[in-house]
Amino acid sequence: MNAMGRQGQRSGAPAAHHQRQHSDNFLDSSSSNGRWLQSAGLQHLHSSSNPSIPPPKDYGYYGGGQGSRMYKNSQRNVNGGSEFFTEPSTPPVNPLSVSRRKNSQDLESPNGFSPGLLDLHSFDTELLPEVSVPGLCDAPSFYLSARGRSFDDSETYFVNNKQTGRVRAAAPENNVLKSFAADKDKASNVAKIKVVVRKRPLNKKELTKNEEDIITIEPHSGSLAVHETKLKVDLTEYVENHEFVFDAVLNEEVSNDEVYRETVEPIVPIIFQRTKATCFAYGQTGSGKTYTMKPLPLKASRDILRLMHHTYRNQGFQLFFSFFEIYGGKLFDLLSDRKKLCMREDGKQQVCIVGLQEYKVSDVETIKELIERGNASRSTGTTGANEESSRSHAILQLAVKRLADGGETKPPRVVGKLSFIDLAGSERGADTTDNDKQTRMEGAEINKSLLALKECIRALDNDQGHIPFRGSKLTEVLRDSFVGDSRTVMISCISPNAGSCEHTLNTLRYADRVKSLSKGNNSKKDILSSTLNLKESTTIPLSGMTYEDDIADSWPENTDQEEFDDSEEFQEPEKPLWKKNGKVEAYEISNSEDKMRRTNGQTKWKDPPKFETKNSHADDDMNALLKEEEDLVNAHRKLVEETMDIVREEMSLLVEADQPGNELDNYVSRLNVILSQKAAGILKLQNRLAHFQRCLKQHNVLVSSSGY
Ligand SMILES: Nc1ncnc2c1ncn2[C@@H]1O[C@H](COP(=O)(O)OP(=O)(O)OP(=O)(O)O)[C@@H](O)[C@H]1O
């Protein structure tokens, strides 16, 4: 049945009344009721939290008929599917069309890659003096009012087209230069975390199946609604509206250029100011993560190079490129024949990826080539929802480095870093069409890392002293995104079709949790990060490492930062990968850091602690427990939602019971159904709770140490 038909059937009251009702409730989302429900992750129930208010029955949501389903359907017909997937500004590389494993010979051939240099402490920016910004005061002040606003600003930083939700695309060529020069303080005011949602258009398959678009986007207010069709106990349908507000919401018409301008462009200038920034896409398989992420690094590189060649000309800045993936809990270099990599922390708990090949790049063409090579090496497969699905988390890093005073004789030091992370689909483990063992294992691993990411976010959100970054390789890599002088942009990708409703709601709830991180006091999180460093320095080695890895890597005995800060330690040249005109062209980050320290007669690495195996089991246990907890909370939330529905049903039953001539039989049988439903729901949750309690008991030691 089409939306119009259903709407006609459902509407018991004039549509105008409902429209007002919804938008009032929505606008009232800051009320205590709204906050109360939001705090329980049930904000979507706000509009119907008062059982005396009839349930929402139509989509007349944002007023003026624009948010109605009728409107959306007609919009869809205009798009008709012919525009679908026509826009990639960077044509997607088909990994299957390119040989998956490039040999290193091929990769290292000197075809334009400029010299690269070793950087052991690739995340260490402490020793660098602050970058002076030439011409800062000359900045045209009009620019600030037009573009380059910080994420915190209450006004949108670009102008939206009110009809289409399209972001105005009229940016001047050198806007990054201008926005950077505009105001250094403004740039450093860019919010620590920005959460953006992007909705993709319905695809051909969904259109063929006549699937409904259930997402309404209101770009001006950053709000979005998911219209979920549900069944009452008497099997009649009704629609529940779930409302969310984010830093920005981008509808299906927004181009990749516009996505870039909204997400990454504002953070590019501050990479030159000792900032580590991360942009990642999150969402179910086939929701558009890769499509969204793919063009961003190239656009960012272009802007970074422009800054280097203009604003910072002759100031010793260099751009380095690396690309790796996390697959099955292990790291692989996508630019080096999928060489296995190893992650390590230095004395300051800074992450260092040993063996990762970095390329010094100075032109966009080379970067494009590297991106294509990396993408071709990615692990992909087919899921029910996406024929070319990413099975891994891919991490592409652009590091801005600067030559030290000694010029080319010393390795340049990192000034800032921009990381792009294309996460694997958020529900891969639950994909029912994935039934071979390998795929299931991949799914489990992906879920583990996404769960760990969520737990880190939750821990930061709840001001917990311990942030479980070690829960997965992904969170270890991402750690820098959340602590210290860092910026994070999360792009939540959602599918519009009704069949994806549950996954979409999960993605949006996840995004909502990340968003709440940015609400609080940032300094609070910085304090947290120092607590974290203290705690982490005394905890166990990286989970998921093999025993061999552990023996080879060992662990820092001494975390005295001063000793590790000594830049003289970095003079030993790294293993050159290839040479051009007698100059080293590319280097790999190796474990010579260990050797240096040992040969200095000051061994700072010790044998693996004896309790290591036990602790890596403990990590697994903790992950399992976290998963149990997650499931319990979700089940509880679901029961509350169902209870609300049942209460509504009861209210109308009572109203009917009071009507003259009401049939007692009908009342009795419906009440019976309602009560059985309630009892079944409670019983199910009780069983789950009992199971969780048993798990807690089983892992008693863990429970006390992880603060349960
Ligand atoms: N905004 C969009 N506009 C047009 N086409 C899109 C958009 N987003 C995604 N697509 C298309 O949808 C399909 C799936 O997208 P994509 O591969 O990016 O999904 P994904 O989230 O990365 O999936 P997975 O997690 O399985 O890797 C692709 O064919 C892509 O071109």
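The backbone N, Cα and C atoms fix where each Cβ goes, and this holds for glycine too.
Sequence annotations record features per position, and here TrEMBL assigns ATP binding site to Gly283, Gln284, Thr285, Gly286, Ser287, Gly288, Lys289, Thr290. Annotation comment: TrEMBL describes 24-36, 71-80 as compositional bias 'Polar residues'. Feature annotation from TrEMBL assigns compositional bias 'Basic and acidic residues' to 604-617. Per TrEMBL, the feature domain 'Kinesin motor' maps to 192-517. As annotated by TrEMBL, region 'Disordered' applies to 1-113, 593-617.
All protein chains included, Thr285 (ATP binding site) registers 26 other Cβ atoms within 10 Å of its own Cβ. Only Ser287, Lys289, of the binding-site residues Gln284, Ser287, Lys289, place a Cβ under 6 Å from an atom of ligand 1. Taking the binding-site residues Gly283, Gly286 in turn and counting surrounding C-beta atoms within 10 angstroms, the largest count is reached at Gly283. For the domain 'Kinesin motor' (192-517), the model's average pLDDT works out to 85. A helical conformation is recorded for Thr290 (ATP binding site) in the three-state DSSP classification. The Cβ of Gly288 (ATP binding site) lies under 8 Å from the Cβ of Arg198, Arg200, Ala281, Cys493, Ser495, each on the same chain and at least six residues away in sequence. Here the binding-site residues are Gln284, Ser287, Thr290, and the one ringed by the most other CB atoms within 10 angstroms is Ser287.
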